[in-house]
Amino acid sequence: MTVHYVHEGPEPQESRYSIPQHTTWMDPNNRRLRVITIGAGFSGILMAYQIQKQCANIEHVVYEKNHDIGGTWLTNRYPNAGCDVPSHAYTYRFALYPDWPRYFSYASDIWEYLDKVCAAFKLRQYMQFRTEVIKACWNEEEGQWKVRLRRQRPGQEPEEFDDHCHILLNACGVLSNPKWPDTPGLHDRFKGRVIHTAAWPDDYGEVQWNSDRVAVIGSGASSIQAVAGIQPHVGHLDIFVRTGVWFGVLAGNTGAPTKIYSEAERAQFRSNPSALVEHTKSIEAEVNGMWGAFYRDSMAQKGASAFFRQRMASIIKDDRLAKGFTPTFGFGCRRITPGDPYMHAIQQANVDVHFTAVASCTEDGIVGADGIERLVDTIVCASGFDNTYRPQFPIIGRRGVDLRDKWKTNPEAYLGLAVPDMPNYITFIGPSWPIQNGSVMAPLHSVSEYAIQFLKKMQNENIRAWAPRQQITDRFNEHVQEWVKHTVWSDQCRSWYKNNETGRVNAIWPGSSLHYQAVIERPRYEDFEISYADANPWAHLGMGWTMLDRAGGKQADVSPHLCLENIDPVWFKSIGGDVDILRKQLEKGHTLPNNASHAEA
């Protein structure tokens, strides 16, 4: 029996939809986009390269508040300022560098590398310096960010102006806003010199230190590096320490004078790229090899804690110092810091270590929480950076939501890179990001690739706006906080990984660096609210033309599916084909398909 379905109801109205006649499938020329990146450090330089390399019809500008590139590695010039990750693991994958002068580099070495990258790829053409973002507001009607900027040219009054963009990339990082100690009298009572390690003055060097009584506040990485640099030269050094420190060894780095690469080694790396890659991979294997030690009660955690406690005791001979510096928390709760020179410096005759907080400053010195005043000429604040993740300027998203308010108590991001209510916005090194395990370079590349995928999707599908859903973001952060309970970061310690008032861990990704890279390899678009520039979201299909169709004639390969790469060797052998010939033809300019079976049966 045949059943006929009869449409009931009014006849459909004539569609008001009109297909865009000149739209071509997947053609970037369909839509020009403007991108603003904030900051020209490692992340901003990376995005300048990625957009130049992978995109078309994109207008990209990088605004940098400083006078040049480099971010942290431009501004941090305190004595011995450097990176505790091996040089060859601290490079872009597209720009492995044979000429690193030493195994662990100083800030000036790293800046020189970044300068060479920008020169090689002409990336400064996208950058505007001495230009600071002071406000960013999302315009829902236009589907764009309006960005207010302040430019400070030398010898001129500051100039404010507006710009706009479809995508806003925040590459400010977490080490860009120095944090001063909240110490009464530090700035308004003390008559001596006050210095922050993140803004070390050019006129304070060995000559000025020679007879100074110097106080250092803090026991993090900048303190550990700076103390070792100034101790041999100052008249006297007072160091104020509130918490124990894990003096670790990171991929062979003890903080002591590092291996210098010979000219012969550098020449080999230049002439043999495979040797350079092999050396870099061997370092990465070491850098990422400690992941298991961060889980509570694991054998790796217990073994690492015992080893480094014993190692510290063998170097620090003074019982009081050894007891004060030995942590009461697990290995890795605070960032592991190579510090052999520091451990030797604190035992010298011109050094006093005070295991007390700083209570206040007098005109002539520092009063500790123990009530004792120490007379000093200079105070060095090695107090790190504001790590609350709150932006330094207003970022106003949908419905007037200010990211500074949204993140006032608990900074929560989607996969460490996006935020609900902040459309078309990606941040680098956001909350819950793999800052704790190995070099940041591979995860940074993954975030840049993630941003490129969204940028291309906006172009190809004429997307107006996208932002992660609040509910899915909440569930992700619920997972993060539950995961933390199983790790060393749940221990009681003061760390920039945490909100030290509440104890909440804000910085850590719930897994290894490799885990993060795998998770964000492809965006989960189902986690996003997406709106389109056209009323009909299928308008980007156009009149059915592809770029190959438009090219036509002999210029177009209208059968790209027919190629050697798609022939499975198993099939070819089963029908009597010569697999060796197939492989040789592929090797002339092709590779075997990733999904091809390699069985020879």
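In case you wondered, yes, glycine gets a Cβ from its N, Cα and C as well.
Together with F42, S43, E64, W73, D84, Y90, the FAD site in Swiss-Prot holds one more listed residue from V35, V133, which is V133.
According to DSSP, F42 (FAD binding site) is assigned to a helical segment.
The distance from the Cα of S43 (FAD binding site) to the Cα of R335 (site 'Transition state stabilizer') comes to 21 Å. Long-range C-beta contacts of F42 (FAD binding site), restricted to its own chain and to partners at least six residues apart, with a cutoff below 8 Å, comprise G71, L114, G173, V440, M441, L444. Here R335 (site 'Transition state stabilizer') is positioned 11 angstrom away from D84 (FAD binding site), judged by their C-alpha atoms. Cβ contacts within 10 Å of W73 (FAD binding site), excluding its own Cβ and spanning all protein chains shown: 26. In this view, the densest Cβ surroundings among the binding-site residues E64, D84 belong to E64, judged by other Cβ atoms lying within 10 Å. Counted within 10 Å of its Cβ, the other Cβ atoms near V133 (FAD binding site) come to 24, all protein chains included.
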